[in-house]
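Sequence annotations record features per position, and here TrEMBL assigns disulfide bond to 77-89, 84-102, 96-111. Annotation source TrEMBL lists domain 'EGF-like' at 76-112, 115-151, 155-191. Summarising the annotation, TrEMBL assigns domain 'EGF-like calcium-binding' to 107-151, 152-191. According to TrEMBL, the feature repeat 'LDL-receptor class B' maps to 324-367, 368-412. Here TrEMBL flags 1-20 as signal peptide.
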């Protein structure tokens with residue numbers, strides 16, 4: 001069966017339990033070696049669920065080392081916060097405002113001093129001392145966010161009039177399109193010149209394909225068992241998925257005449273997110289059983305174990321291999337969206353505030369933007385790859401109560417949600433165009 005064109009993925013996320021294990025330490029265990037890598041001689045293993053939990057379980061403390069745990073669980077107040085004497089963190093802007101915000105009142109002590117002399121008052125750029133407290137300020141070309149941090153002003157992103165390329169000159173904006181797109185008569189809009197665009201989705205009844213207009217829908221496979229995470233490789237015309245009722249990841253080639261799914265590998269548990277690196281031929285997945293992010297070869301011949309550990313409630317994962325960037329969402333008590341390099345190094349939190357339950361993420365690669373659906377806030381939002389220029393794209397109006405999947409293309413964002421045991425697809429037009437090309441401009445650093 002031939003299906004047209006470019007695939008956009010919309011995925012339903014469910015939780016499950018299955019069994020796994022290869023080598024001296026299983027995929028659900030962390031090796032207590034100096035480098036945190038499996039060695040034949042290593043006999044000490046601990047569960048991935050206790051890695052980066054603040055308590056060393058390995059005798060050498062390898063499960064709690066900073067290079068492994070990154071900044072996922074900060075132990076002290078942020079630079080924009082004041083540390084009360086009892087350890088509580090409050091915003092620096094509350095210091096010396098004549099109101100006791102710390103239970104011990106330490107935020108109102110020594111208010112005659114110049115707060116800007118200590119950690120620049122928590123300001124990212126300019127700190128201005130005042131008779132009562134202080135204020136943060138920004139240099140020209142930047143604006144203040146959350147009272148303490150400055151963000152670069154981007155006229156193209158602020159105006160949001162160009163789908164892709166945007167050049168500012170003499171106070172005006174000029175739009176353009178990347179290769180593979182053509183500009184329409186509508187100013188700033190770019191449409192793909194390739195084959196018809198479609199959505200591939202997972203439900204409890206099937207894995208299906210639907211045209212972006214919704215006028216054409218076809219079943220790809222009914223061997224799913226339950227809705228689960230889904231990913232695709234355009235390079236080899238294959239889709240990959242997992243579900244809570246089985247213990248493996250499955251592969252189906254859309255180019256072959258045989259539509260029988262093949263087992264890519266088995267011995268996995270609780271897979272909630274899948275992403276394909278089509279450049280390096282790797283498959284990334286998150287597991288709520290191991291509370292980790294894993295990686296394997298795309299043909300399933302080699303599993304490399306846990307790449308990112310210490311997650312609380314892992315959800316979706318996305319990859320931008322051309323920039324060597326990896327993104328994932330984590331819920332639980334400290335919900336966040338993080339990123340790292342493809343090897344798991346240079347870990348960085350992109351979103352830590354105004355986020356409740358991120359369940360799905362999707363990349364708009366031509367625009368250099370990351371989108372996420374939050375089922376707790378009933379919103380879809382976006383940020384640049386470096387975590388700046390945050391914007392809410394869709395807010396619940398009765399149709400976004402339980403978003404569980406997300407895909408973006410051109411000016412549309414598609415979400416999927418369970419309702420009365422039916423997987424519902426929604427397409428929302430939006431104005432979220434970025435002003436700059438993402439490659440080599442906005443790295444995760």
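Glycine is no exception: its Cβ is also placed from the backbone N, Cα and C atoms.
Keep in mind that TrEMBL annotations are predicted by a computer and have not been checked by a curator.
Closest by Cα distance to residue 96 (disulfide bond), from the disulfide-bonded residues 77, 84, 89, is 84. In sequence order, 77, 78, 81, 82, 83 are the residues near residue 89 (disulfide bond), counting only same-chain partners six or more apart with C-beta under 8 A.
The average pLDDT the prediction assigns to the domain 'EGF-like calcium-binding' (152-191) is 84.
For the domain 'EGF-like' (155-191), the number of residues in each DSSP class (helix H, G, I; strand E, B; coil) is 5 helix, 15 strand, 17 coil.
Secondary structure of the repeat 'LDL-receptor class B' (368-412) per DSSP (helix as H, G, I; strand as E, B; remaining residues coil): 0 helix, 23 strand, 22 coil. Here the disulfide-bonded residues are 96, 111, and the one whose Cβ sees the fewest other Cβ atoms within 10 Å is 111. Around residue 84 (disulfide bond), taking its Cβ as the centre, 17 other Cβ atoms fall within 10 Å, counting all chains.
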